[in-house]
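Features reported for this protein in Swiss-Prot:
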type	residues	note
ACT_SITE	Glu151	active site, proton donor
BINDING	Cys37, Cys121, Cys219	[4Fe-4S] cluster binding site
BINDING	His66, His99, His149, Ser247, Ser248, Asn249, Ser292	dimethylallyl diphosphate binding site
BINDING	His66, His99, His149, Thr189, Ser247, Ser248, Asn249, Ser292	(2E)-4-hydroxy-3-methylbut-2-enyl diphosphate binding site
BINDING	His66, His99, His149, Ser247, Ser248, Asn249, Ser292	isopentenyl diphosphate binding site
Amino acid sequence: MSSAIPLNVGIARSAGTATVDADTAKRVLLAEPRGYCAGVDRAVETVEKALEKHGAPIYVRKEIVHNRHVVETLRERGVVFVDDTAEVPEGAVVVFSAHGVSPAVHEAAAARNLHTIDATCPLVTKVHQEAKRFARDDYDILLIGHEGHEEVEGTAGEAPEHVQLVDGPDAVDRVRVRDENKVIWLSQTTLSVDETMETVQRLRERFPSLQDPPSDDICYATQNRQVAVKAMAPECDLVIVVGSRNSSNSVRLVEVALNAGAKAAHLVDYAREVDPAWLEGVRTIGITSGASVPEILVRGVLDMLAEHGYADVQPVTTANETLVFALPRELRTTRR
């Protein structure tokens, strides 16, 4: 999955090179890891392989991943994004996004004789399985997540009679359970680790017998990207997070950067959205990207910053990621 390695907070380009005096030179600290996680890579490749196999158009329910560039690029290749399976012609191919869907969505697709390809991230599927398991055991399930997010809707849909959404620490006082000895918390996979733990702490103060999920629900990539940002933020006058505004994990990175000591932090989809006014008086800029962001967008920001004198790019490496997920069975061939 990923492994922690010695932290290099960007003082040198690589082992053995000279150090840089941060007081006299502009520099960029580049977070590693950043960008695509295994689930996003799998989801995007699923759509690409479906196009190769079935030809355009193919349909995708919701955005395959929460990134504007990815969605626009796939749309240009013949992918049609819809909000509901009712918009898909009967018998057509439809891909379910990385965020997962409820059983009701599967049933609606079957009723329309749709050929479904499920690109749900396996780590989201794990949370679905946990929800079903604890619902069978008649637990009250407190699902920590953001109201309206597709992942939350899909997970809650696995056991709607047992799941209660808890949208952050401030929502804890509104929670009601049937039996305080049969309560478990689960979470959306893309949340802030710190805020989630604060929510859990407050839940446990109310319900001392609250059970933890069998394993972490916040995914490895979300955690790794937040750790890298925390490592570099105290040195940064500015942190730029490349990602879309509807990307939960990207938005969380901005929050994490500010909470960890960055003087300013902004979210951008493209280099052209970087306001030159942000750079005034700034010597150290941190760069990272959300888990659904292709590296070409980060490179665009780095090129733009180089034009403004930030040519010295130094890595902040906190983990190595090696996890790869298999494609859906119907699309499996040799991976590219």
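Each Cβ is built from the backbone N, Cα and C atoms, and glycine gets one as well.
DSSP assigns Glu151 (active site, proton donor) to a helix. Among the recorded positions listed here, namely Cys37, Cys121, Glu151, Thr189, Cys37 has its C-alpha nearest to that of Ser292 (dimethylallyl diphosphate binding site). For the pair formed by His149 (dimethylallyl diphosphate binding site) and Thr189 ((2E)-4-hydroxy-3-methylbut-2-enyl diphosphate binding site), distance between Cα atoms is given as 11 Å, rounded to the nearest Å. For the dimethylallyl diphosphate site, the Cβ centre of His66, His99, His149, Ser247, Ser248, Asn249, Ser292 serves as reference, and the other residues of the chain with Cβ at most 8 Å from it are Val65, Glu151, Thr190, Asn246, Ser250, Gly290, Ala291.
DSSP assigns Ser292 (dimethylallyl diphosphate binding site) to coil, not to a helix or a strand. Look at Ser248 (dimethylallyl diphosphate binding site): DSSP puts it in a helix.
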